[in-house]
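K.L.:
From TrEMBL, for reference:
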type	residues	note
DOMAIN	29-213	domain '3-hydroxyacyl-CoA dehydrogenase NAD binding'
BINDING	Gly34, Gly35, Gly36, Leu37, Met38, Gly39, Asp57, Glu122, Lys127, Ser149, Asn173, Lys321	NAD(+) binding site
BINDING	Ser73, Lys80, Ser149	CoA binding site
SITE	His170	site 'Important for catalytic activity'
DOMAIN	251-329	domain '3-hydroxyacyl-CoA dehydrogenase C-terminal'
Amino acid sequence: MAFVTRQFMRSMSSSSTASASAKKIIVKHVTVIGGGLMGAGIAQVAAATGHTVVLVDQTEDILAKSKKGIEESLRKVAKKKFAENPKAGGEFVEKTLSSIATSTDAASVVHSTDLVVEAIVENLKVKNELFKRLDKFAAEHTIFASNTSSLQITSIANATTRQDRFAGLHFFNPVPMKLVEVIKTPMTSQKTFESLVDFSKALGKHPVACKDTPGFIVNRLLVPYLMEAIRLYERDFQTCGNSNSGLGFSLKGDASKEDIDTAMKLGAGYPMGPFELLDYVGLDTTKFIVDGWHEIDVKNPLHQPSPFLNKLVAENKFGKKTGEGFYKYK
């Protein structure tokens, strides 16, 4: 009888452990790696929805700039959200800011975090080195997520020993947008996936699920559309050294960029035309995505590079952030 009792208790204990391990992680503490536009935005929305956040970057100067940007953004939100109660708006700003700490040492702050969201440079080697290092210091339950918009999540996850606790969490610019893509690799556990869906909802987002396919959902459809707009514009252009355009090209496109933008706004109901959107996203970013896809699938006509786009990027004309892209900005 004693033996049977011990076996029963052991079985119950084993079942309880299995049940606990199957429970979703309730994300309360978030570590965001990267204090740029996306990282700061993720930190802001997480802190504004009751999460404690540590924002990490390489220098105190970068972090100070990030914190200032977050404060300015929060004050705009508060002005609109608490238009009838400025005092409540001020309290909202202060409370949110108090929930964001900063650090230049990622390894020292991930030991107690529930989720690490990476939003650094789109370079697979750099991301792999980061996650490989953090994997040694993060808690067993900690979920890792990358905000990459173009790299394969599986390739990043393979740098760690927690492939089952690794997924993509793709936010959009600006981060307060409602949409977030939750990317599940073949190794991502259902518990991890559901935990990230719940976290996204807690941020006030509308999560959509996608497998680890190039570009996920939005960029997979959006980037080929943008590239086709460029091809429509540059169709049949020929090199001409003394072109009046100053670009070294004699453009003989099927339509002007202005008419293409107008057509898509009025005809398809898009808020921005493709060239306006390209300049907003960044021509360097678009080129990076297309080049990566082209390398993977050279024969795919949707992934063919654009000579005109390449030339603008080579001239450091990235769009709004540099003052000039397809259009000029004051």
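Just so it is clear, glycine is given a Cβ too, placed from its N, Cα and C backbone atoms.
Locate each feature and note its surroundings.
P.N.:
Within 10 Å of the Cβ of Ser149 (CoA binding site) there are 22 other Cβ atoms, across all protein chains.
The Cβ of His170 (site 'Important for catalytic activity') lies under 8 Å from the Cβ of Asn147, Thr148, Ser149, Val180, Glu181, Val182, Ile183, Phe216, each on the same chain and at least six residues away in sequence.
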K.L.:
Rounded to a whole angstrom, what is the C-alpha distance between Ser73 (CoA binding site) and Asn173 (NAD(+) binding site)?
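P.N.:
Rounded to the nearest whole number, the Cα-Cα distance is 13 Å.
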K.L.:
At the Cα level, what's the spacing in Å between Met38 (NAD(+) binding site) and Lys80 (CoA binding site), rounded?
P.N.:
22
K.L.:
Within 10 Å of each Cβ, count the other Cβ atoms and name the one among the binding-site residues Gly34, Gly36 with the highest count.
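P.N.:
Of the binding-site residues Gly34, Gly36, the most buried by Cβ count within 10 Å is Gly34.
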K.L.:
List the Cα distance (Å, whole number) between Gly36 (NAD(+) binding site) and Lys80 (CoA binding site).
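P.N.:
With distance taken Cα to Cα, Lys80 (CoA binding site) is 24 Å from Gly36 (NAD(+) binding site).
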K.L.:
By DSSP, how many residues in the domain '3-hydroxyacyl-CoA dehydrogenase C-terminal' (251-329) are helix, how many strand, and how many coil?
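P.N.:
Within the domain '3-hydroxyacyl-CoA dehydrogenase C-terminal' (251-329) the tally stands at 47 helix, 3 strand, 29 coil.
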K.L.:
Within 10 Å of the Cβ of Met38 (NAD(+) binding site), how many other Cβ atoms can you find? Include all protein chains, please.
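P.N.:
If we count other Cβ atoms within 10 Å of Met38 (NAD(+) binding site), we arrive at 21.
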